[in-house]
């Protein structure tokens, strides 16, 4: 497990974007060899998406041979609703890059048979050869995707009832009106993300500090679903200083002492212009 600590949100976002960029380019994707990327929504990854868009606009990175699978989607919210995760992804990322819309997979929260939709999503991931890099964020209660506290750590894509803490946190996106906030969602399972060949979790802000502490300094616990990634062979937690406030000083010092190693993963930043 790696813990990458940057000074602030912008630097953490840039490090994560550089890592994604380098992983895609090193993979050498092509017509018969797609890189498969798992993606989150929420406020945390916005900075990362902006940097990836910048790399694309500058000609360093193409998503032509990338397939994406999003973590979750609300149930019952129209696809074109401004707060649906379809809208989020297209407005904040997909419409700014060269990805084929047929390769951008997002769960349909309005499907006639929700369980069949979840099963089909799992099958699409298998057909794509599994996920090379799953990027995620977490809530203050340590949930990954919509795997709320108490979720099985071997769970698969399914329908979930949202915890009140999550509904309250999401109310800001619905004019503060709790009655407008969806109470159910389709989500990948913890096991779905664990199956990825690599996982990168973005954690920023003091309000996520206790969750980061639970994720790396205490044991694996289904009440803090992000802690499951202690058992993944290739996990990277990318955080800012504020997110480390609950960690032991020696933990922070240890991982900061490895930054010269971690930075070799993103420096130099590769470019498709160079023929990589």
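Glycine is treated like the rest: Cβ placed from N, Cα and C.
Swiss-Prot tags one of the stretches 53-78, 79-104, 105-130 as coiled coil, and that stretch is 105-130. Residue 161 (phosphothreonine) falls within a strand when secondary structure is assigned with DSSP. Proximity of distant same-chain residues to the coiled coil (105-130), defined by a Cβ-Cβ separation under 8 Å and at least 6 residues beyond the stretch ends, is recorded for 34, 36, 67-70, 72-79, 84-86, 89, 156-159, 182, 185-188, 192, 195-197.
Cβ neighbour count for residue 148 (active site, for ring-opening step) (all protein chains, 10 Å cutoff from its Cβ): 22. A distance of 9 Å separates the Cα atom of residue 161 (phosphothreonine) from that of residue 148 (active site, for ring-opening step). In three-state terms derived from DSSP, residue 143 (active site, proton acceptor) belongs to neither a helical nor a strand segment and is classed as coil. Cα spacing between residue 148 (active site, for ring-opening step) and residue 72 (active site, proton acceptor): 12 Å, rounded to the nearest whole number.
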